[in-house]
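Residues or ranges marked as ATP binding site in Swiss-Prot: Val18, Gly60, Cys61, Gly62, Lys63, Thr64, Glu65, Asp250, Glu315, Arg387.
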Amino acid sequence: MTTFSPREIVSELDRFIVGQKDAKRAVAIALRNRWRRQQLKGPLRDEVAPKNILMIGPTGCGKTEIARRLARLAGAPFLKIEATKFTEVGYVGRDVEQIVRDLVEVGIGLTREEKRKAVKAKAEAAAESRILDALVGPTASQATRESFRKKLRASELDDKEVEIELAPSGSQGMPMFEIPGMPGASMGAINISDMLGKALGGQRGKPRRITVAEAYAPLIAEESDKLVDDDALTREAIREVEDNGIVFLDEIDKICAREGRSGADVSREGVQRDLLPLIEGTTVATKHGPVKTDHILFIASGAFHVSKPSDLLPELQGRLPIRVELQPLTVEDFKQILTATEASLIKQTVALMETEGVTLDFTEDAIDALARVAVEVNGSVENIGARRLQTVLERVIDEISFTATDRSGETVPIDAAYVRDRVEDLAANADLSRFIL
């Protein structure tokens, strides 16, 4: 779990996301509050509930990107999922409790990685012994083994093929048994594929011929897992999920009930009703054991351009007490997105062309022109936010990208005139840009 201060979290998000200070502050405070709660002692710790967040903002303004970057920062079980994937309990499809089951799998993966790091040295020694057995046989003399061990450590045998037996992970090698309309689903807490895999003896490994270099990673993972207590790992992962789990529910505006619509609404209001106990705090049965959701942080986000936040069920609104409004992007924001972020679009484009030996030289007025065209098209056609920049930029460098292989060693200047020449006629014609930009 991260111990960054709210200021450090915001500055980390600033490296990749332009503007949206309010949203960054809200998620930074929420993340820090997880750590603060851990410092409390006694019954008060159980009483402190997370303050769930609802992020409201137009498409392409950075809601999902904040979630992606937060996942890397959190150092805790984090799941990003779309609310539109679920249907009401009792209908074909995934029910919302699958969110918690997926989060537990993420938590187990994170905890397993930590445990593997702790036993890495022992696992590497065991993997090396297995590779030596495959190379020279278990009955070889100590001198022969030591000779091969030296070559192995000097990477001289990396290309040599060996035959090793690897245990399949989970139900690998077994056909997938799925309930129609519910991919990867569980019947209650039991995963059908896992159950049938065990019943049909799917745990036996098959010998495989692979190179020594390729054998290391799976063997180290397998030997690490032998040294790790699975039951203790699962208990620790569930505890981590219950205390520090974060769920990012995207596209929540798409499950608002539409006015004037009648009939079954199995993936809208029904899903909202099912989310209520999950967000408030309930116990979900998973194949690893029961999981309490009382202290899982939920961050919901939506564009709300067709519906309004007030269209959500009042009970659900009450369970998302912190509202953050993200602002539409301006010309200045677009210029920052093109140049200022750590992996900006201009840096990406220049780096891609350099692989062909072509140097792109974007002038200041070219960047200004790109930003203005994107804003104009967003205003006249459909506002898709920062995603519009990718469309405009691709159109500008389309010709260079196509002929780059023949222009190795060239430096191509891109100025405002070049940008206007490529896109302005389309940007000016609203009907054309509706289909092309």
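Numbering starts at 1 and runs along the chain as it is shown here.
Each Cβ is built from the backbone N, Cα and C atoms, and glycine gets one as well.
Recorded features from Swiss-Prot, shown on the structure.
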residue : record           : Cβ within 10 Å
Val18   : ATP binding site : 21
Cys61   : ATP binding site : 27
Lys63   : ATP binding site : 26
Glu65   : ATP binding site : 17
Glu315  : ATP binding site : 13
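In this structure the residues listed as binding ATP are Val18, Gly60, Cys61, Gly62, Lys63, Thr64, Glu65, Asp250, Glu315, Arg387; their two most distant Cα atoms lie 34 Å apart. Taken residue by residue with DSSP, Lys63 (ATP binding site) is part of a helix. Following the DSSP three-state reduction, the secondary structure of Val18 (ATP binding site) is coil.
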